[in-house]
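First the structure, in the form of structure tokens, and then the observations on it.
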Amino acid sequence: MDLILGNAISWLFQPITAAYALAAIGIALHFGFTGLLNFGQAVFMAVGAYGFSISVKFFGLGFWPAVGVAVIASIAMAFLLGIPTLRLRSDYLAIVTIAAAEVFRFIVSTTSAQPVTGGPQGLNQYSEGFYAMNPIPVGHYKFWVWDFKQDDLFAIAVSWLVVTFFAVLLAILIRSPWGRVIKGIREDEDAVRSLGKNVYSYKMQSLVVGGLMGTFAGILFVLPTSVQPGNYGTTLTFYIWTILLLGGASTVIGSIVGAMIFWSLLSLTGDLLSTGVDNGTITFLTQNQVGAIRFMLVGVALMLLVIFRPQGIFGNKKELYFNA
Amino acid sequence: MPSQIAIGAAVPGCAKVDPILIADNVRRQFGGNVAVDVEHVEIPRGLITALIGPNGAGKTTFFNLLTGFDQPNSGDWTFDGVKLAGVPAFKVARMGMVRTFQLTKSLNMITVMENMRLGAQKQPGESLLRALIKPLWKRNEDAITARAAELLTRFKLDAKSDDFAASLSGGQRKLLEMARALMTQPRLVMLDEPMAGVNPALTQSLLEHIRGLKNEGMTVLFVEHDMHMVRNISDWVIVMAEGKIVAEGPPNEVMKNPAVIDAYLGAHHDSDLGTEKQAKGN
């Protein structure tokens with residue numbers, strides 16, 4: 001039991017959780033504050049993951065230059081997606097982003113791209129430069145049921161440092177006059193235009209900044225593991241949206257807590273079910289079905305949440321009352 | 001009065017002594033339908049000009065064209081001598097030509113005060129990088145807030161300052177939209193049906209506010225249906241019908257103009273001009 005609980009609790013601070021939280025903060029800026037429907041956050045994460053890992057593996061760059069390449073690629077991607085769509089109605093951005101994410105995934109996973117992107121196998125072993133910066137002495141660090149290596153601790157610490165940095169950045173931005181313009185655009189962009197603001201430029205800035213958050217999330221996502229093209233499908237984007245709506249779309253902290261709850265819940269339900277199946281308490285399921293069932297349970301939990309608390313955990317209920 | 005406004009007779013497209021806005025050959029077509037076809041019109045500076053006409057006359061389309069919210073098929077217009085054709089809407093607003101909308105556009109999920117602050121120009125904190133450093137924009141923000149509070153008091157919205165704009169009544173939203181437009185410190189205020197859907201008591205206060213703008217030296221151009229309102233408040237009336245300017249002149253004279261009566265009332269010549277809704281025509 002301790003192990004199950006420990007497992008679930010460990011998902012509160014895993015680097016993966018941090019990566020999802022950061023990607024969700026990105027779409028909080030896009031959707032919650034600017035009203036941009038970005039249904040392709042996966043592409044910004046993929047750009048981060050591939051931009052970074054290809055720079056290291058294929059071009060032999062160091063850690064920081066590789067991060068720089070990912071950042072430049074992310075900005076380029078934001079412009080590529082934004083220039084044709086941001087003058088149009090918001091649904092066009094949604095269509096283009098979701099398509100771009102799929103196109104990107106198919107391109108990197110083709111066998112002809114294998115020498116660069118690793119094709120369907122993806123890439124691994126590009127994190128040496130990152131772990132070389134680890135100041136934590138080599139060894140095993142045991143707390144309660146957990147057993148961390150120095151590299152695990154380093155990845156956790158860096159991940160949450162990055163998340164905190166961007167969360168604070170966004171909190172400052174949305175409380176500034178810049179954030180006021182952004183929120184105005186969410187409400188009615190023609191009104192904001194009539195007040196002398198360059199709406200197109202603001203939407204582009206929002207797309208770039210939120211996309212950069214997705215890109216850093218992509219780097220955090222792959223640093224402790226490997227790059228798998230299959231990870232960057234539409235499900236990734238929808239998990240991030242789930243996390244966003246769980247925590248509350250127009251909040252910063254909501255994305256972080258949403259990611260923690262999402263992953264802990266997933267781990268807890270999965271572990272509980274599979275233990276139940278193992279010791280014979282649950283007889284109507286097989287071990288293979290558990291993986292699918294837990295997503296169903298999480299889905300039901302989210303449906304209940306949307307019905308009974310549509311503003312998300314941290315959302316302002318007042319904002320919904322008026323939304324006639 | 002009229003002799004001081006127009007040069008020569010008050011005919012459609014007549015020249016003004018001191019025009020602030022001059023439009024030439026502005027034409028907008030939607031498919032085969034010509035929505036706006038204005039040969040020449042001048043808006044006198046420092047006065048209240050009403051743009052009237054029956055539904056579908058092209059008034060709002062003309063507004064959209066002048067303010068950059070729509071692009072004409074052809075035409076030129078200048079604001080204070082600056083050519084505006086092809087200039088995007090936000091730049092038009094920055095030049096001092098601000099507009100409101102027929103369907104009120106209050107920004108519902110932000111507070112009344114934030115709505116107001118949004119109207120202010122040249123706030124350095126609206127740039128992405130400077131937004132991060134509060135000392136760079138704090139002082140400007142305080143000045144904006146003071147100005148906004150003053151305007152809100154004038155428009156009797158000060159008690160609502162921290163509420164979401166969504167909690168305002170329809171009339172209050174009209175007031176907020178007007179107050180917010182004034183935050184841009186405009187020279188020309190263009191109001192698209194400011195009195196539509198507002199109760200009579202509030203209409204009076206809206207009219208007072210419009211007069212107030214004139215007294216502060218601003219030029220007002222507004223679209224309206226109701227001739228009674230127009231007569232009370234405007235110095236000059238321009239009548240549009242089927243996309244064209246059909247008459248111009250001081251309010252009392254325009255209403256006697258047969259072209260206006262035709263455009264407005266069709267067959268119902270003897271109806272009261274003030275009740276356009278019933279009379280509007282065939």
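Cβ coordinates come from backbone N, Cα and C, glycine included.
According to TrEMBL:
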TRANSMEM  A:12-29  transmembrane segment
TRANSMEM  A:36-56  transmembrane segment
TRANSMEM  A:62-83  transmembrane segment
TRANSMEM  A:153-174  transmembrane segment
TRANSMEM  A:207-227  transmembrane segment
TRANSMEM  A:239-266  transmembrane segment
TRANSMEM  A:291-308  transmembrane segment
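If you count C-beta pairs under 8 angstroms between the transmembrane segment (A:12-29) and each of A:36-56, A:153-174, A:207-227, A:239-266, A:291-308, the highest count goes to A:239-266. Of the two recorded stretches, the transmembrane segment (A:62-83) does not lie close to the transmembrane segment (A:153-174), with fewer than three CB pairs under 8 Å once pairs fewer than 6 apart in sequence are set aside. Counting same-chain residues at least six beyond the ends of the transmembrane segment (A:207-227), those with a Cβ under 8 angstroms from any Cβ of the stretch are 15-16, 18-23, 25-30, 34, 36, 38, 41, 43-53, 67, 70-71, 73-75, 77-79, 81-82, 86, 93, 118, 122-127, 130, 151-152, 155, 158-159, 162-163, 166, 170, 173.
Count of Cβ pairs under 8 Å against the transmembrane segment (A:239-266): among A:36-56, A:153-174, A:291-308, the largest is for A:291-308. Long-range contacts of the transmembrane segment (A:291-308) within the same chain: residues 242, 245-246, 262, 265-266, 269-270, 273, 285, each at least 6 residues beyond the stretch ends and with a Cβ under 8 Å from a Cβ of the stretch.
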